[in-house]
Amino acid sequence: MEVRIETIEAILVDLPTIRAHQLAMAVMQRQTLVIVRLRCSDGIEGLGEATTIGGLAYGEESPEGIKLAIDTYLAPALAGQDATNVRAALARLDQVARGNRFAKSALETALLDAQGKRLGVPVATLVGGAVRTRLPVLWTLASGDTARDIDEAEALLQARRHNTFKLKIGRREIAADVAHVARIKQALGERARVTVDVNQAWNEADAAGAIARLEAAGVDLIEQPIPRANLAGMARLAARFVVPIMADEAVCTPEDALDIARLGAADVLALKIAKSGGILEMTRTAAVGDAAGMALYGGTMLEGSIGSIASAHGFAALPRLGWGTELFGPLLLKDDIVANPPRYDDFALQLPAGPGLGLTLDEDKLEFYRRDGAPGPR
Ligand code: MUC
Ligand code: MG
């Protein structure tokens, strides 16, 4: 029996964060998820999510733009297509739209979720099989206040939820940022790993000075210290310091990974399904990095449960994942739109075992938080 894609709905969902989350380019008080519901002729529905950070401040696609691209171009291109052939559906999307990787990632997830439900297997099985079902997860300290960050880290260590902490810096003067990081590392000592993410905020000369001090303070990893376009500068920093340099904004596609490998522009690659255009493309990017001897890290766009668990299925199937993941998005959000939120314990995220993503929508919550829903208290 042929199974066709019937309808695709893209829904903007606004969820509050548990506290302000400060990054170099934006302060988040809420997160906007773009949720995709893809319905097929056999009655099966697939879920997907495209989420970015700070509207257009971080990436090149905004939540509203992602919805527009899906509604206007991508959903019509998929209507009537074979729902069981994910690669063919993705090829069709590439025919009608260049780029738009976040939107394509959400659609790919929804197709894989539907196909997994149809076959009774998890998404990780569809992409080759999980080599791990527990994924180490770090937590980002980004309240903007050093003492509060230390308290937060202590509580999470105590609860055995996280033992690696990523500090978002690049918003303030370098001296203030370095002092902030050094105080946190000193307070946590050998009990936790501390990494920093600069989100491209420094120039190369400033980065060289700052990294020397961060390295001396015991920081374990430096993420995207300078603009993504300055790969030569990243290569010079990677050669100069022992502390590993991680590429995030600089690596979206397999071709980016190849350029980074050729130049030696990073020691570690941050992978994300959204910036890659889906799990399958993320896996290709990972393969290039892996072949070049770079370590891999499972990154987040601070997605909710659907996007985070989709990422988890993809990362679970990578042969090597030396730096673990940062799939903590659902924990940063005050509420959830799935009925069975992801489980975190013993410093790891548990991969759901059910078919597809292994998630069930909470229709009432979705109704409550969707932007176009009935007006009411939020
Ligand atoms: C980024 O650039 O890595 C991931 C964790 C976090 O707090 O922000 C993001 C984005
Ligand atoms: Mg980053």
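A Cβ is built for glycine as well, from the same backbone N, Cα and C atoms used for every other residue.
Among the features that TrEMBL reports, active site, proton acceptor is placed at K168. Sequence annotations record features per position, and here TrEMBL assigns active site, proton donor to E326. What TrEMBL records for 147-244 is domain 'Mandelate racemase/muconate lactonizing enzyme C-terminal'.
The Cβ of E326 (active site, proton donor) has V137, L138, T140, K166, Y297, G298, G299, T300 as same-chain neighbours under 8 Å, each 6 or more residues away in sequence. Of all the Cβ atoms in the protein chains shown, 23 others lie within 10 Å of the Cβ of K168 (active site, proton acceptor). Under DSSP, residues within the domain 'Mandelate racemase/muconate lactonizing enzyme C-terminal' (147-244) fall into helix, strand and coil as 53 helix, 13 strand, 32 coil.
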